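Take a look at the structure below.
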C-alpha cells in the first residue's frame, strides 16, 4: 500500500509538472519550462517525451551544443526516428553542415520539417541544383502560411546560380511583392551583367522595405537603416562595377558607420573597399582587413567570396612590402586550389617587385607545364615579363607557342607589330602565312562565324598584302592581292591596289588589268555642286570674274554685305629719321655682330658701388643715394609703418630695382668659400 501510495503521489506531481510545462510552452517561457522538465526527468530519467521537451527547450533558448549533448547521451531512448529533425537542426546551427546532411538522409521518414531543413543544408553546401529541386518540390506539395518564405528561398538559389555559376536564370514567375524577392531578383541580374536593371530592382526593394517596416510603430529609423544596409551595400557594388568608385566608397563607409550586426555584410564591404584602394591608402586597407577576420565570417559567405578575400589579403601584403607574408598566403592559396591562376600570379608579381624576373618566369613556366589547361593565360604573363625586360623576340616565341591563340587576329596583329619593331619582317610575314593557312583549313566551320560576308582569312590576306607593300615585298603582295581579286572580281579597291603594285613591277600587266576598271561614266555620282558649295563644311569660295558695275554691284537679297577691303597703313618712321641720310644697312643685326663694333672701353665703369676689398668703406656721397634728387625711394622696412600714399604718383618700391644691386649680389656670391656648409 505504501508503494502504491508513493506511485500515486509521483504521478500526481508529474501531472502538475506537465501542466506547468504546457503553460510555459504556450507563453514562450522556455526557461521555466526547462526547470519543470528537469523535475520530471528526476522522477523518470528515461521519459522519452520529457527528453524531447528538454531538447526543444534548449534549442529555443539557443543552447544547441547542450541540446545535441542530450541527444547523443540518450541514443537508446532518443532514436533517429524520434529526434532526427532536432538533431539535424542543432548540427546545422553549430555549422556542422555535413553532419546535418547525414542525419537528414539517415532518417527513415522525410517529414516536411526535414525537407525544409534539407533545402537550407544544400544551399549552405552550395549544391544549388539539388537545392532548387528541393524547394520546387516543397512549394508544389505544401499549402500553409510559409509559402512566401519558400519562394524567397527559391529566388535566393536562382540568384546564387547566376552569381557564382554564371547560369542564366529561368523565369520563375514569382510576383515581386516583397523587398526580399526584389533584392534576390537584383542579385540575379547582377550575375548576368544587367547592372542598370539591377539598380532599378534595388531601388524598388528599398521602397518596399521602408513601406513594410514603417507600418510597425515599434520600428525606429535606425532599425530601418540597419535592414536597408544589405540593399545599400549591393547598390554600392553596382556603382563600383560601373566605375563610380567615389560614390561607391562613400556609400560603403556610410554602411560601416551604422555598425551592422551581420559580420558577412561587413566583411564583403571591407573587401570591396580594399579592391578600390588597391596600392593606395594601404593603412585604411589594413584597418578594413580586420573586419574580414571577424568570428563567424567563414559561415556567412560562399567559398568564392572567402577565396576572393584571401587573394586580396595576399595582394595587400605585397603592396605593403610584406614579402614573407605575401609568399605564405599565396602558397596556402595554391595548396587549397592547385589549378587556380591567381596564387601563382601573385607569387610571380612579388618576385618581380624583388627584381627576380628570371625566377618569376621560371615559376610561371613550371605552372604552365603542370597545368596545360591554364597555360594560355600564364604564357601571356610570361610574354609581358619578357617585353618588360626588353626581350621582344623571346616574348614572340612564347606567344607563338600558345596554339589556341596563335591564329586569332588580335594575336597576329600583336606579333606582327612586335616583329616589325625588331625589324624582323620575314618572321612577321611567316605569322601572317601560318594564320591564313589555318583559316583556310577551317574555313567551313570557323571563318564565317563572326562575319559571313567577310571571312577572317580574307581580312588577314588583305592585311598581309598591305604589310608587304609597306615593306617593299611587292611580288609577294601581288600574289595576295590576286587571291583577293579572284575571290571577289567586283572589288574595285583590290583591283586598284593590284594595278598600283604591278605598275612598279610590270607596267604592261598593269595596263592590261586597268581595262577591268569600270568606266568613269558608270562611276559618276550625281552631286549637286551648288548645294555642296553652299554647305557649312565648304571651305572653297568661288571668285567672281571681272568687276561689277552699276546695279550689279548691289547685292542680291539675303546674300549679306561684301566686306570692304582694308587699306594698308603706312609704316611709322623714327622721329629722328632723315630722308637724305642712307639708313645703316646693318641696323637689323645685334650690336655685337656689326662690323664697326669695337667692344666696351676698359677702365670706365659707371657703377662703382661695393668695389674694393671686404671691409673697405666709401665716402658718404657715394652710398647715400637718398641725397640725390633723381634716386628712387627705397622700400620701407617691415614693421616700420611706412606706406605709399594712394594719391601719390610714385611707383611703389617693389616695382623698382636699385642700380647696381644685381652686380653686388653676384660679386658677393663669388667670394663665398666653396667648402662652406650650412650656417647663418
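Each residue, glycine too, has its Cβ placed from N, Cα and C.
Predicted automatically and left uncurated, TrEMBL annotations should be read as such.
Copied over from TrEMBL, here are the features:
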- 97-152: coiled coil (COILED)
- 229-262: repeat 'TPR' (REPEAT)
- 543-680: region 'Disordered' (REGION)
- 543-599: domain 'Signal recognition particle SRP72 subunit RNA-binding' (DOMAIN)
- 563-573: compositional bias 'Basic residues' (COMPBIAS)
- 575-596: compositional bias 'Basic and acidic residues' (COMPBIAS)
- 610-648: compositional bias 'Low complexity' (COMPBIAS)
- 664-680: compositional bias 'Basic residues' (COMPBIAS)
In the same chain, which residue numbers or ranges, 6 or more beyond the ends of the repeat 'TPR' (229-262), come under 8 angstroms Cβ to Cβ?
-> 179, 183, 186-187, 190, 195, 198-199, 202-203, 205-206, 209, 222, 268-270, 272-273, 275-276, 291, 300
Over the span of the compositional bias 'Basic and acidic residues' (575-596), count residues by DSSP class, listing helix, strand and coil in order.
-> 3 helix, 0 strand, 19 coil
The predicted model's mean pLDDT over the coiled coil (97-152) is 91
Across the repeat 'TPR' (229-262), DSSP labelling yields 26 helix, 0 strand, 8 coil
